[in-house]
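A.B. asks: Dumping the structure here so I can ask a few things about it.
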């Protein structure tokens, strides 16, 4: 989830008129909060208000709204018909965590928004560095207060929290109270992507996988070591990749190592900031574009992830694309199934367009979480 999207969303939400509109569905029962208890989850994060006709509804349970436009009436009715919750992303300014007046107003505004738009809850997406244990506790208290306020109105409202991929090492300086957050909410969505953070002293940076299964597994295990129940953990996975420029000229389209420019982030030298995020549909179109020279999709057995080299049309230089496909996603979904996690999720479900041949495998990989042994 990207901060610039969240900031835009919160500014828009705060100016939404408080007047409730009439139910747009032919069946007015669909405008009531979904009365569905705890279940296995497939949460899809949406950044586009118009792509919902392309969704696969077979196992989708929750859609996280990360755009500023109003929710389409058709989407609302379609989601509720399929038993899918709609929840708003919720960004909260860390500097206001000790301001009780601000907190009360914020919670009331969010509750009013959800009630007036016939939706089903909030997804907290606070990704700021927090290293002070007192501030971390204040964040937990905010989530708990929000959850209590929502549940006092309707027990079926859903409150979830997005967290970094590993709870043990203060990833991105997010030293949150993860156990407390898991108890204060319905579940945590572990963002198992953007994992490329290589050491402080690396002299040579190499392109690499966005979401290696070994790191996904170790991160999840570390959450459980804190005492967090597996039923409170949802594995969030990427439907996108990173396009990295390769420095130098001694490359072929079959070269494995791609040296990339250093890109400092929170003290790390080698991060995915050296690349450009590319959605899955565009990646597939690039592979099928005869004007783009590429070496074909390769498989890195160590990171269990696909990649390919190509010649950039604009610069004429070699690039390397690391991404996820149905094969790599299935490996991680199997980890979620084996660990008996609460569910899986995707950032974001608007990465696939109307080409069924491209999208069916990606949806199928996530839907495999629900298969019966």
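The first residue you see is number 1, and the count goes up from there.
Quick reminder: no glycine exception, Cβ is built from N, Cα and C everywhere.
Just so it is clear, the model here is predicted, and its values are computed rather than measured.
According to Swiss-Prot, the protein has these features:
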SIGNAL    1-20  signal peptide
DOMAIN    21-369  domain 'GH18'
CARBOHYD  48  N-linked glycosylation site
BINDING   53, 54, 82, 83, 84, 85, 128, 191, 192, 193, 194, 347  chitin binding site
CARBOHYD  99  N-linked glycosylation site
ACT_SITE  127  active site, proton donor
CARBOHYD  222  N-linked glycosylation site
CARBOHYD  250  N-linked glycosylation site
CARBOHYD  269  N-linked glycosylation site
CARBOHYD  279  N-linked glycosylation site
CARBOHYD  288  N-linked glycosylation site
A.B. asks: What is the one among the recorded positions 82, 222, 250, 288 whose Cβ has the most other Cβ atoms less than or equal to 10 Å away?
C.D. replies: 222
A.B. asks: Roughly how many Å separate the Cα of residue 250 (N-linked glycosylation site) from that of residue 84 (chitin binding site), to the nearest whole number?
C.D. replies: 51
A.B. asks: For the domain 'GH18' (21-369), provide the mean pLDDT of the predicted model.
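C.D. replies: Mean pLDDT for the domain 'GH18' (21-369): 94.
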A.B. asks: When DSSP is mapped onto helix/strand/coil, what comes out for residue 53 (chitin binding site)?
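C.D. replies: Assignment for residue 53 (chitin binding site) reads helix.
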A.B. asks: Where the distance is taken from Cα to Cα, which of the glycosylation sites 48, 99, 222, 279 turns out closest to residue 194 (chitin binding site)?
C.D. replies: 279
A.B. asks: Find, among the glycosylation sites listed as 99, 279, the one whose Cβ has the highest number of other Cβ atoms within 10 Å in the structure shown.
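C.D. replies: Highest number of other Cβ atoms within 10 Å: 279.
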A.B. asks: Tell me the Cα distance separating residue 48 (N-linked glycosylation site) from residue 84 (chitin binding site), rounded to the nearest angstrom.
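C.D. replies: For residue 84 (chitin binding site) versus residue 48 (N-linked glycosylation site), the Cα atoms are 17 Å apart.
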A.B. asks: Nearest of the recorded positions to residue 279 (N-linked glycosylation site) by CA-CA distance, picking from 82, 127, 128?
C.D. replies: 127
A.B. asks: Just to verify a number: CA distance, residue 222 (N-linked glycosylation site) to the residue listed as 'active site, proton donor', in angstrom, no decimals.
C.D. replies: 19
A.B. asks: When DSSP is mapped onto helix/strand/coil, what comes out for residue 288 (N-linked glycosylation site)?
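C.D. replies: Note: residue 288 (N-linked glycosylation site) is helical by DSSP.
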A.B. asks: Out of 192, 194, which has the highest number of nearby Cβ atoms, where nearby means within 10 Å of its Cβ, if these are the binding-site residues?
C.D. replies: 192
A.B. asks: Just give me the nearest neighbour of residue 82 (chitin binding site) among the recorded positions 48, 99, 127, 269, 288, Cα to Cα.
C.D. replies: 48
A.B. asks: What does DSSP assign residue 279 (N-linked glycosylation site), in three states?
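C.D. replies: Looking at the DSSP assignment, residue 279 (N-linked glycosylation site) belongs to a strand.
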A.B. asks: Measure the Cβ-based neighbour count of residue 269 (N-linked glycosylation site), defined as the other Cβ atoms within 10 Å of its Cβ.
C.D. replies: 18
